[in-house]
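Okay, structure first, notes after.
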Amino acid sequence: MSQILDGRSAVAAETRGASPLHAARHQLREAVDTLGLGDAEYEMLSTPRRELTVSIPLRCDDGTTRTYLGYRVQHNLSRGPAKGGVRFSPAVNLDEVRALAMWMTWKSALLDLPYGGAKGGVAIDPRGHTLGELERVTRRYTSEIAGFIGPDRDIPAPDIGTDERTMAWMMDTFSVGAGHTVLGVVTGKPLELGGSRGRASATSRGLGHVVLAALRDLRLGGGATTAAIQGFGKVGRGLAAFLAEAGVRVIAVSDEDGAVCNDGGIDVTALGEHVDRTGGVAGFALADALPGGELLEMEVTVLVPAAVEGVLTAENAPRVRARLIVEGANGPTTPEADAVFEARGITVVPDILANAGGVLVSYFEWVQGNQSYWWTEDDVERRLRDRMLASWERLLATARSSRRSLRRTATALAVERVADAHRLRGLYP
Ligand SMILES: NC(=O)C1=CN([C@@H]2O[C@H](COP(=O)(O)OP(=O)(O)OC[C@H]3O[C@@H](n4cnc5c(N)ncnc54)[C@H](OP(=O)(O)O)[C@@H]3O)[C@@H](O)[C@H]2O)C=CC1
Ligand SMILES: O=C(O)CCC(=O)C(=O)O
């Protein structure tokens, strides 16, 4: 069963408080005020264009049946097809997906990609299921949203709890329905199925380039640059390797079940091997265990939250001792924490710029697929680096000249592009 909800009821159903949606709408309000737009524009840009909620019955390997909820939210389509990842996590809910979809719109616009924003998810813990069960869930979810997505409509990609194998199942399911292979319906696919070289590491590498540029441009680098990274998944792990190779001492890393630290620098390769063997960072012999949330409060040059939303809050922000925060995750900083960091002079490089390397190389994958012409790894890396650094430099220069925070400036630059597209298309209410 699937149900299409209209956007107005979506806004009415919004929950307030320290939710990702509260944060996303707060940031939009600031951008609207910065740009001198009005309430009508705010209402339009805060309202998702389309939302789909689906139920996904799963026959488990033991013969029992469970039903999961899945979502796909298209926040904005004014600059092109919607674009954004699919998350498998027990924490997924409609409000979270709405917020993540809105951030995708701003991210695509900030990087000047010809996309709108979308996000999807299934409220399931992938760790509690076999591969066969996850394949069945993915295929059923894809069938339910198939009328909603497509290379010219909405193009999913990996996010938390999903990967290139998930994308291969999605592409196959969609293609079976279409009667022919449709490579462009998702990005983040395996190389053998039209994936792009460099997509798997793109978010981490883009983030790494931004971290190094921010350290340099804000004059925070120097001899003993240290980093703490929350999350050791697709984004955090690749970033740890990138920074270690660049000479940054990665002294603390965490995942959902543990955290480890070593003041002399963590051997990231050895930690990766330990995680492949045991499933988590806990118990890594070449580092000490670190209690709970302490990683976020360590004295480091740069802190990179690369896991989930809302981890930097009004409660812990006064204790954060990093000089620079670069957001690998989407929405890790609440608006209240942002205000604390601004008052304390701690620079925050916002998610919609910092982690945009993933959607950027997804765009490269889509372009290569459309042309059936595949770039080399060097082509991808050069274009990724150039575009991330150009976007960073533009953001920094605009923030400095306007004396506004990087987040407020980034959101305003992106919202302006989206509002312009609406105005030129004549879509204002
Ligand atoms: N993949 C991509 O291309 C992009 C991802 N992002 C964002 O980056 C973030 C991470 O995504 P990705 O790496 O792909 O996801 P993964 O599922 O690959 O990894 C998530 C990581 O976060 C850890 N984690 C989850 N909850 C916590 C917690 N409370 N404290 C510490 N660690 C935690 C997980 O630990 P465990 O393994 O123990 O569960 C895992 O190490 C998300 O916010 C995502 O939206 C943004 C842009 C693109
Ligand atoms: O690669 C993509 O299309 C989207 C990646 C994503 O979900 C994100 O940037 O948060």
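Glycine is treated like the rest: Cβ placed from N, Cα and C.
Note that the structure is a prediction, hence the values are computed from the model and not measured.
Listed in sequence order, Arg72, Val73, His75, Gly84, Gly85, Val86, Arg87, Val97, Leu100, Ala101, Met104, Asp159 are the same-chain residues six or more apart from Lys119 (active site, proton donor) with CB atoms under 8 A from its CB. The active site, proton donor feature in TrEMBL is assigned to Lys119.
According to TrEMBL, the substrate binding site annotation covers Lys83, Lys107, Ser362. A strand conformation is recorded for Lys83 (substrate binding site) in the three-state DSSP classification. Non-local contacts of Lys83 (substrate binding site) by the CB criterion (under 8 A, 6+ apart in sequence, same chain) comprise Met104, Ser108, Leu113, Tyr115, Gly116, Gly117, Ala118, Asp154, Ile155, Ala157, Val359, Ser362, Tyr363.
According to TrEMBL, the NAD(+) binding site annotation covers Thr203. For Thr203 (NAD(+) binding site), applying a Cβ distance below 8 Å and a minimum sequence separation of six or more within one chain yields Lys234, Val235, Gly238, Gly328, Asn355, Gly357, Gly358.
According to DSSP, Asp159 (site 'Important for catalysis') sits in a coil region rather than a helix or strand. Positions annotated as site 'Important for catalysis' by TrEMBL: Asp159.
Around Lys107 (substrate binding site), taking its Cβ as the centre, 27 other Cβ atoms fall within 10 Å, counting all chains.
Within 8 Å of the Cβ centroid of the substrate site, not counting the listed residues Lys83, Lys107, Ser362, the chain contributes Gly84, Met104, Ser108, Leu113, Tyr115, Gly117, Ile155, Ala157, Ala356, Gly358, Val359, Leu360, Tyr363. According to DSSP, Lys119 (active site, proton donor) sits within a strand segment.
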